[in-house]
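What Swiss-Prot says about this one:
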ACT_SITE  His86  active site, tele-phosphohistidine intermediate
BINDING   His71, His86  Zn(2+) binding site
DOMAIN    34-138  domain 'PTS EIIA type-1'
MOD_RES   His86  phosphohistidine
SITE      His71  site 'Important for phospho-donor activity'
Amino acid sequence: MFKKLFGKGKEVQKDIAIYAPLTGEYVKIEDIPDPVFAQKMMGEGFGINPTEGEVVSPIAGRVDNVFPTKHAIGLKADNGLELLVHIGLDTVQLDGEGFEVLVSSGDEVNVGDPLVRFNLEYINNNAKSVISPIIITNTDQAASINIYDENAVIKGETKVIDVTMN
């Protein structure tokens, strides 16, 4: 009864869908050309070989971390799911060049909200790869993860993973 009175009884949804944060070609995690991601050292997920330079939020939640080098964003859902959107490979070395971050740490976001714009051609020419990993960094806290085998994905529209948190 007190929970209802004071609003602390909010039921957190354990199930969450992760949508494509980029438009492009779906890449299985094992096929990402970087062993840290391909061997799932950072967690389960997938990659996208983008065809355009805009990243949108793949989940509803909040921005947990904007990397100072602008190449990656950490997101957190209400149910505890933590997601890393990493734009390209070895892009940390670009030191923010070619990236424009549109959100700040602590911002609330919904699926499809723009997070980052980037110069696809610049990254293609100056980084190891434009293939962008999307990783569940707290995979160990998930009860189940169902990854759909897609081909082409559309940012904010194509559902790629269903996760149930513990």
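Note: Cβ is positioned from N, Cα and C throughout, glycine not excepted.
Assigned with DSSP, the residues of the domain 'PTS EIIA type-1' (34-138) fall into helix, strand and coil as follows: 15 helix, 43 strand, 47 coil. The 10 Å shell around the Cβ of the residue listed as 'active site, tele-phosphohistidine intermediate' contains 25 further Cβ atoms across the protein chains shown.
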